[in-house]
């Protein structure tokens, strides 16, 4: 996300550095200790303490990424199948912010933080941006085909690149620019494919998700600036940004007279078989908890295995999310979705390569050695040097 939603995209440098807050962006890393104490589950404790060299540790983290984020995506799309639910999308964001605030407050007590490092002004600005990206992303589900929304969230690099140039005066190399071009082309053709098969295609939904990505890009750059200036712990940033965001959206719902009407809709009971409180409050609670825990696991993957491995896992997860969306929720399908999505994936890996050239080249050399022999590889790499281009 810059937050939850921001975490859905790990393809950009800002989203990797500032992953703790974003779209698909923000949770603390002590997930294992918070949920499973050693005294209660020695088996879980033994798994959590495994070094990252053990394949079981890596496979377990990958499984958690898939479980949490597939559950998150499924529940998000499922909730919006309720007739009229799109009118309460901002109340869903309010509810989600409340859950995130409670979970992060619990963690503040767990780690024993007592002194705030950044100013309230910084957190209020961050809360406004977080509210924009998560709220608009949730709101867009009511207007967009869910796979199209996922594809847009994969392309966070485009506004991140623009935001980096404007806000932090960064320069980007040719791989970043090529990645942004690939993502743009892939998105255009994916959206065109969607408009072909969906008579109800709504360009307003495209505008909404684009605005969410712009806010997400600003979050990544702004959060990175705060962390460098004040050395802020993740959990502090999580708590204050979501707490202020919750208060803002609550005030907005009261001001627009949408709070009580949303509560009435969520609490509706149509019959003994159709009870909206279960499908609204219940599903939204699971949706929020899955999102919170999913970000934590992604952070752990980055910390233990690096961005290259993490982006591979999350890209596979997004591909599975899109496939399951077509299978579980009846949608028309054309082959244009496949090749346009592939172009976006190429853009993602071009961006990751620009940040991790040494790791990429080492793996390529290793595979080439196993296939062609060390003599051919050394001859190919002679006279060249591996380096990581700075931004």
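From the backbone N, Cα and C atoms, a Cβ is placed for every residue, glycine too.
Heads up, TrEMBL stuff is auto-annotated, nobody curated it.
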With TrEMBL as the source, which of 234-254, 360-380 is set down as transmembrane segment?
234-254
Scan 31-48, 175-192 against TrEMBL and say which stretch is down as transmembrane segment.
175-192
Winner by Cβ pairs under 8 Å against the transmembrane segment (234-254), considering only 90-111, 274-293, 334-353:
90-111
I'm a bit unsure how to read this: which one of 56-75, 123-144, 274-293, 334-353 has the highest number of Cβ pairs shorter than 8 Å with the transmembrane segment (305-328)?
56-75
Any contact, the transmembrane segment (56-75) to the transmembrane segment (274-293), with at least 3 Cβ pairs under 8 A
yes
Per Cβ pairs under 8 Å, the stretch of 90-111, 123-144, 175-192 packing most closely against the transmembrane segment (274-293)
90-111
